[in-house]
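S.K.: Before we start, here is the structure in question, set down as structure tokens.
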Amino acid sequence: PHTGRLALYLLGLQATCPPASPHRSLVTWLKYYLEEDWTGSRRQGHPITSYYQYGLGVLALCVHRKRVREEVVRRLLTAQHHGRFGHGGNTVDTEAVVALAFTCLEQRRLVGTGLAAELRLAAREASRNMAKAQGTDGIIGNIYSTPWALQVFLATGTCQTEPAFGQAMAALLENLDAFGTAATMAQVLPVLHGRSYLDIASVHCGEEPDTLTPLDMESLPEVPGNKTVQLVVECPLPWCYDLRLYDRLVPVPAAASFLDVLQAAAALDPRDFRFHTQDTPQGPFLTQVLGLEARQEKRNYWQILTAPNTPLQMGIADYRPQDGDTLTLRLSEW
């Protein structure tokens, strides 16, 4: 099911004030995907995609003022109560998206009184968790999850009283260059205007002037020369036959991204190094390295570290290592 991608598309579509008719069928498809997303993985008791995408689907339907079955909402409530939302920044992303969905359903009165009270409490708990997840640098989770957390503070009205809000906003403004894809820009733009995705539901389309003009994007200048990156693959889990599975210097062009480094390593050592990625709205996501797959149901993931032990805060297609850097892929549990 394309739950998350369709949900983001419908949120963006609603924000552009389209005619009512073209996207009605897409909303119906999203409701169908929500059911398929869960039915296909009923034995495991979680969505086929992820709770992040599932929460996005509920949020998009609410913004379009569409009711969802109580069972669908309770799946998210149960997952939150049992801490099933993921690891690190992913936890913040997912809990924030779900909190926005809960707040939307409660504020738009699309659920009964009893369930609305539960959703309000769950959203407040998520807001407190956002504050607890804030680092000393002001970032909540990671730089990409920070706009989601800020949207929760804005949507729940805690932005005026929560000290974490101002600190996170300051950190966001210092790191705006990290938001280079359409999906990440879409997360951060509402926050920069003091809004959340919930405000899309109350946009007065008749008052919007047609002032959008195309922006001529200049291509990045070519960076001459080459660089060399140390690529390390580690598996500290008990069932791995060795801790360090790969360790090699990889030469690449000076402007190469981390994804380019992985591709160069695969070209150099097709038998010794291989990897797979999954396309997401935020860019390619690393899912498999050396035949070892990171899977949500196994509660593991490929953690990306820059030396000595710093988690990477950018996507693999966006991050450009420096000459001599060491990059470590570590299969980790959450």
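All positions are counted from 1 along the displayed chain.
Note: Cβ is positioned from N, Cα and C throughout, glycine not excepted.
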S.K.: The disulfide recorded in TrEMBL for C62 goes to which of C17, C104?
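M.R.: Looking through C17, C104, the record in TrEMBL gives C104 as the partner of C62.
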S.K.: How many helix, strand and coil residues does the domain 'Transcobalamin-like C-terminal' (257-332) contain under DSSP?
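M.R.: Once the DSSP states are binned, the domain 'Transcobalamin-like C-terminal' (257-332) shows 14 helix, 31 strand, 31 coil.
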S.K.: If one looks at the chain holding L312 (cyanocob(III)alamin binding site), which residues at least 6 apart in sequence have a CB under 8 angstroms from its CB?
M.R.: F258, I304, L305, T306, Y319, L327
S.K.: Give me the CA-CA distance between C104 (disulfide bond) and Q53 (cyanocob(III)alamin binding site), in Å, as a whole number.
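M.R.: With distance taken Cα to Cα, Q53 (cyanocob(III)alamin binding site) is 16 Å from C104 (disulfide bond).
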S.K.: Which one of these binding-site residues has the most other Cβ atoms within 10 Å of its own Cβ: T49, Q53, N142?
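M.R.: Of T49, Q53, N142, the one with the most crowded Cβ is Q53.
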S.K.: Cα distance, T49 (cyanocob(III)alamin binding site) to C62 (disulfide bond), nearest Å?
M.R.: 20
